[in-house]
Amino acid sequence: MRIAVLLFAIFFFMSQVLPARGKFKEICERPNGSCRDFCLETEIHVGRCLNSQPCCLPLGHQPRIESTTPKKD
């Protein structure tokens, strides 16, 4: 019975395939953040990851706010 449990554990851990780049995606302290060399135009820089890359957080759907300064007549 121990051999069956051991074989199950070995096959279970071997089935966990690494991503194509050979390492797990590192995430930053924010739940939706990701570590990149440079943040995209639709992301903001919110901190640093453990590998010293910027932690980028997607902006999402932000409403566009028009300027409220009065126009000169």
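Including glycine, each Cβ sits where the backbone N, Cα and C put it.
Since this is a predicted model, take the numbers as computed values, not measurements.
The disulfide bond annotation in Swiss-Prot covers Cys28-Cys55 (among others) and is backed by similarity to another entry. Annotation for Cys28 (disulfide bond): same-chain Cβ neighbours under 8 Å, separated by at least 6 residues, are Ser34, Cys35, Val46, Gly47, Arg48, Cys49, Cys55.
DSSP gives Cys49 (disulfide bond) a coil state; it is part of no helix or strand. Taken from Swiss-Prot, the feature disulfide bond applies to Cys35-Cys49 (among others).
Around the Cβ of Cys56 (disulfide bond), the number of neighbouring Cβ atoms within 10 Å comes to 24. What Swiss-Prot lists as disulfide bond is Cys39-Cys56 (among others).
Under the heading signal peptide, Swiss-Prot lists 1-22, citing sequence analysis as support.
Using a 10 Å radius centred on the Cβ of Cys49 (disulfide bond) and all shown protein chains, the other Cβ atoms total 17. Sequence-distant contacts of Cys39 (disulfide bond), defined as residues of its own chain at least six apart whose C-beta falls under 8 angstroms from its C-beta, comprise His45, Pro54, Cys56. Most other Cβ atoms within 10 A: among the disulfide-bonded residues Cys35, Cys55, that distinction falls to Cys55.
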